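Feature annotations, reproduced from Swiss-Prot:
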- Ala32, Gly33, His34, Asp51, Phe84, Asp102, Gln109: S-adenosyl-L-methionine binding site (BINDING)
Amino acid sequence: MEIPHIPVLRNEVVDIFKDLQGLLIDCTLGFAGHSSAILSANENIRIFACDKDDEALDFSKKRVEIFKNRIKIFKSGFSNFLPFLETNEILNLSNVVGILADIGVSSLQIDNNDRGFSLKSDALDMRMDKNASLDAKFVVNHYSRSDLERIFYEFAELTNAKQIAAKIANYRADKEITSAKELATIIGTSNFKNRSISTATLAFQAIRIEVNKELDELNKLLDSIENSAIQNAKIAIITFHSLEDKIVKNRFKKWAQSCICPPFFERCECGNNHAIGKILTKKPITASADELKQNSRAKSAKLRVFEIKR
């Protein structure tokens, strides 16, 4: 079968879980690139995986058919997958030996004209879950100018966020914005300052993050891991955006911190026993030169790994 999406850092992910025995949770199954590679490389791993994209789920079920006795697939968002499994008594999370999350949009979603992720798309959607109520068309046409400015500044770090929001507000006052390529023309496709990425691309990224509540979803996932019954497991998270990477980095630092006393305390009074594990990647793992030749979209990917030992 034709594979529509190249998973980033596939070999590095496989290497992280290669010696584990037990149950792995793939919180972002996508088109099963990582899961199928892990199952092929390690016969001692079983996987529970989820995704909320029906197109991805349909494809993945066919792709992993040869591993059907070792993988179970669920329709769920990654932020509530662990609580879903626990609440429905589907499994005991203390048996989990690994968790994988790839917090990014697949190449197929980006390239699919109907999904509205691309600057050249005739649609204006950007929903990862087609059943979700909020889409990019609503954000662009109905959010206030100040809310648009906030999104562009917070989620894309655009210093000209005010001007971009004004362009959109002025345009939509006369005509509803209905396509991504129309929006890209309004914003402008010139590169932002000295960066090798266009202003429109960054603005689209910000809108996508807002539509899918991506930062909130990531924080909820990390909360669910922290508050779960998981005892011994490797947590591997791939991000594609500096804000997402910062969230993961800071949460891992928190998890590795034994003393949680305020910095002005002269001595520890908390028991110095609050760490739930250790960071396995001092610096994030990034794509090799060989991978970048095959998949330029892997350039912004960062993989961080934490080992829980409670």
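A Cβ is built for glycine as well, from the same backbone N, Cα and C atoms used for every other residue.
From a predicted model like this one, the values you see are computed outputs, not experimental measurements.
Shown here: features listed in Swiss-Prot, placed on the structure.
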{"residue": "Ala32", "record": "S-adenosyl-L-methionine binding site", "Cβ neighbours (10 Å)": "28"}
{"residue": "Gly33", "record": "S-adenosyl-L-methionine binding site", "Cβ neighbours (10 Å)": "21"}
{"residue": "His34", "record": "S-adenosyl-L-methionine binding site", "Cβ neighbours (10 Å)": "27"}
{"residue": "Asp51", "record": "S-adenosyl-L-methionine binding site", "Cβ neighbours (10 Å)": "27"}
{"residue": "Phe84", "record": "S-adenosyl-L-methionine binding site", "Cβ neighbours (10 Å)": "15"}
{"residue": "Asp102", "record": "S-adenosyl-L-methionine binding site", "Cβ neighbours (10 Å)": "24"}
{"residue": "Gln109", "record": "S-adenosyl-L-methionine binding site", "Cβ neighbours (10 Å)": "23"}
Quiz item: Taking Ala32, Gly33, His34, Asp51, Phe84, Asp102, Gln109 as the record's S-adenosyl-L-methionine-binding set, what's the max Cα pairwise distance in Å, rounded to a whole number?
Solution: 26
Quiz prompt | Mapped DSSP class for Ala32 (S-adenosyl-L-methionine binding site), helix or strand or coil | solution = coil
